[in-house]
Amino acid sequence: MKFAVIVFPGSNCDVDMFHAIKDELGEEVDYVWHDTENLDEYDAILLPGGFSYGDYLRCGAISRFANAMKAVQKAAEQGKPILGVCNGFQILVESGLLPGALIRNENLKFMCRTVQLRVENNETMFTSQYEKDEIINIPIAHGEGNYYCDEATLKQLEENNQIAFRYVENPNGSVSDIAGIVNEKGNVLGMMPHPERAVDELLGGAEGLKVFQSILKQWRETYVVNA
């Protein structure tokens with residue numbers, strides 16, 4: 001399986017994402033600069049965290065216009081797995097690939113610590129290796145991670161089982177404790193916590209690795225078993 005890590009000016013979690021795929025998952029991965037127009041050779045697309053374009057205007061508001069995002073949109077329409085973490089989640093929301101918005105944390109402070117998440121839906125291509133309601137420890141590092149949506153959108157997310165992760169103890173004011181959501185099709189996941197920073201027991205825990213293992217399992221079942 002071949003992954004692409006999209007790198008924007010100001011990305012700073014791309015190396016962590018690359019390490020998670022190459023060294024922990026053992027799969028092929030490339031850094032792909034934001035001006036690329038073709039992602040057809042890749043099986044999965046990863047949008048890392050950071051401060052793309054300095055977070056000017058709004059987090060992710062400029063990155064949404066990058067050439068690569070047109071290719072990401074195409075990949076999403078093709079059903080390829082798209083994972084956006086932290087700033088990557090913000091870019092997915094700004095691009096319209098996921099509903100809602102990410103606003104300033106309720107306490108107006110940047111927060112960097114490990115939090116507990118509850119797996120709300122383990123039937124997605126990103127969460128199949130978890131148990132439903134499993135509690136996992138994943139780091140956060142954000143100042144604008146407060147997920148917001150209106151009541152109608154929240155109702156739709158709940159009815160369609162699009163909420164992938166919730167905070168056990170809400171750190172930022174996110175509506176309904178939401179930490180991560182998928183699109184209606186189920187192939188685009190955005191989450192504020194950083195699973196790529198929790199892939200090695202020697203570095204504090206590996207409870208985020210199952211996100212990437214789930215993607216790999218889905219791909220193998222679809223393209224290898226049926227080959």
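Counting starts with 1 at the first residue shown.
Yeah, the Cβs are placed from backbone N, Cα and C, and that goes for glycine too.
Owing to the predicted nature of the structure, the values given are computational and were not obtained by experimental measurement.
Taken from Swiss-Prot, the feature active site, nucleophile covers Cys86, and the record attributes it to sequence analysis. Cβ neighbour count for Cys86 (active site, nucleophile) (all protein chains, 10 Å cutoff from its Cβ): 30.
The number of other Cβ atoms within 10 Å of the Cβ belonging to His194 (active site), over all protein chains shown, comes to 25. The active site annotation in Swiss-Prot covers His194 (among others).
Taking all protein chains in view, 29 other C-beta atoms sit within 10 angstroms of the C-beta of Glu196 (active site). In three-state terms derived from DSSP, Glu196 (active site) belongs to a helical segment. For Glu196 (among others), the entry in Swiss-Prot reads active site.
The annotation domain 'Glutamine amidotransferase type-1' is assigned in Swiss-Prot to 3-225. The average pLDDT computed over the domain 'Glutamine amidotransferase type-1' (3-225) stands at 96.
Counting in whole angstrom, Cys86 (active site, nucleophile) lies 7 from His194 (active site) by their C-alpha atoms.
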